[in-house]
Amino acid sequence: MKNLLFAFLITFCLVPKLQAKDGYQLWLSYEKIEESKLRQEVGQLFSGIYFFAQNPTYDIIKEEFTRSAEGFLDQKANFLSTRDGDFKLLVGTRSELSQYLGLSQQAEIKNLGEEGYWRGPLEINGKKVYIITGNSPIGVLYGSFDFLKSIQMGEFDLNAENSDQPKVQLRMLNHWDNLDRTVERGYAGFSIWDWHKLPGYIDPRYIDYARANASLGINAVSLTNVNANAWILREDFIEKVKVLADLFRPYGIKVYLTARFSAPIEMGNLETADPLDSDVQAFWKERVQMIYQHIPDFGGFLVKANSEGQPGPHEYGRNHAEGANMLAEALAPFGGNVIWRAFVYSHEIDEDRHKQANLEFEPLDGKFLENVIIQVKNGAIDFQPREPFHPLFGAVDETNLGMEFQITQEYLGQATQLVYLGPMWEEILNTKTYRPGPSSTVASIIDGSDSGQKLTLMAGVSNIGTDRNWTGHLFGQANWYAFGKMAWNPYQDAESIASEWIKLTFGHEQTLLSSIQNIMMESHEAAVNYMTPMGLHHLMGRSHHYGPGPWVEGGRADWTSLYYHKADSQGIGFDRTSSGSNALGQYAPEIVKEWSDPTQIPEKYLLWFHHIPWDFQMKSGKTLWEEMTLHYDSGVKTALEMKKNWQKLEGQLDEERFHHVNQLLSVQIEEARWWRNACLLYFQTFSGKPFPDEIEKPEGDLEYYKSLRFPFAPGIKPNW
Ligand code: BDP
């Protein structure tokens, strides 16, 4: 009996309390409302909720209301079964609510599109009620999440009208998850997709995952690694995928899969995968048909072709458009899309890797079918700590272009460092491309406002895994959150997103909020400084990409560091101007003009485009060498500062999350010093110059740093 009682206590009393702060709840923790006016207002609304119809999406909203009423108020949400009851909160689509809405209000809501929502007060027969509405149940779901968010942030206003709609059509997570549950560049455990137990067993995580995504407006997920395994296209696997698609559907989320271009050979017994071969075309048509029989709203395929050894149309003398269009034709009758990646480069071509995507895709402008969208990484190299925007944005007129950001921090501290990526994404989205159009920014291509493209996309490479807190580092959640928000609205600023996330995660106490916000907002610049300041790039350790490796050489040239930094006794940096590779020439003339001049180009891009003498005078009056050492050192100083500021929060938040972050900040400082020391000691062998007095002297021995090996670093298959 005693044992039973103990078990009961553990299960029902202790565990929920402990679990409450382990990060599992993400930004949906629905903490108790302390403020009495808000408590009373929300309590009133939850005491009489009426839904105009029944459908699986409304069931989800009801569950969310039930859960939040318990969390906010320790109260049950009261759902009325008839409209005659004492309703306070009405939930339904515009057409369901039409008898209560005036014509102009109906028109206003209609303009918000399929996924938009409107919420606010309404008077019905002299009685004031609150409504949440949209043009579809999914719009209503988004409105409901927004309603709950405003309550949780302590900002709910019963009298205010709020409406919003997404600016980008496909807001998508790309999982780089392998079928054996390892995750390429995953730092948060294993894949959450348990293929072995599917279709029979539904892990409750699938639902929490869908809730989290829907709360951000993410409406598409690609489940599998871009380095694809054709096995996923077998019918027995499609039956597993179907389970996920069925679960995600009422959350407004469509499932995509990665398609391995050589699948016709690997699983169709064909001798070729030539996109112009009729048997190959028939193979894909049959496969697509089979998929749609199981998943009628299947999103389509995401494809990495002729890149880093992945098969593609080039093997058959065909181009990317021929490859993509063949799949697009198979998908079009069902409304599916092809998302074709622009991350292509070949080491056989003797061209700056920076230029290769444009060289391949610009000549194909206008050749892709309507249901193809080219997914372009934010920069031309590879998700480096900082890159200038990809020159393909702004270089084509008749091709759908989508953005690919990397949420998982492959090159930005993996899961041991707190690096908030919002500012980096904002910087890219706000950059002017000088493409003709009203705002001429990268964002205005992505959302179609300048480009006029009908199909729009923002994709993020997921940082989600089986770790209890989903993302390994608690602050990785902020990157998932920020990605979702920016995909919904690429003009939203990183600082306000950070502030939202903090309020939802840690509460809205002012000093806590501003301290955490400061830490987050300076974290990206700090990482750039201690890793790759002033336009340096691709200096990381070979293959696992963990830690510094500016000395990496040998093997494929464009996978080495020397290829990118080109340090010598004269100076450092990659000349990409017209005197060098002329990758700069792929940008608009306005940019070429400004960035060709080393005294004009923003210093953050200097060594990306120029080979600069060590004695070059920077804007500060210091030499390039001095300035570089100061950048490295200031990165470390900021990391120290971040930890100091975090420690001041001890006692102001729960111990579990405090210590989790605190420990990782210590690791971050170690890693920041390691980056600074290794890079500066290495570059000093070229510059031959002393370290300025004002920096902490890089300690250690370069040979020691070079000797470090990490065969078991996460995110890659062990390599020893
Ligand atoms: C690189 C990753 C590699 C991915 C590749 C990609 O190191 O694991 O397969 O990107 O985007 O950054 O395809």
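Cβ coordinates come from backbone N, Cα and C, glycine included.
If you look up TrEMBL, you'll see GLU308 marked as active site, proton donor. For ASP382, GLU410, the entry in TrEMBL reads active site, proton acceptor. Summarising the annotation, TrEMBL assigns domain 'Alpha glucuronidase N-terminal' to 26-147. The feature domain 'Glycosyl hydrolase family 67 catalytic' is assigned by TrEMBL to 153-470. Residues annotated as domain 'Glycosyl hydrolase family 67 C-terminal' in TrEMBL: 471-694.
For GLU410 (active site, proton acceptor), the same-chain residues 6+ apart in sequence whose C-beta sits under 8 angstroms from its C-beta are ARG185, PHE383, HIS545, GLY715. DSSP classifies ASP382 (active site, proton acceptor) as coil under the three-state reduction. Cβ neighbour counts within 10 Å, taken over all protein chains shown, single out ASP382 as the most crowded of the active-site residues GLU308, ASP382. ASP382 (active site, proton acceptor) sits 12 Å from the residue listed as 'active site, proton donor', taking the C-alpha atoms as the reference points. Along the domain 'Glycosyl hydrolase family 67 C-terminal' (471-694), the predicted structure has mean pLDDT 97. DSSP gives the residue listed as 'active site, proton donor' a coil state; it is part of no helix or strand. Per DSSP, the domain 'Alpha glucuronidase N-terminal' (26-147) is made up of 51 helix, 25 strand, 46 coil.
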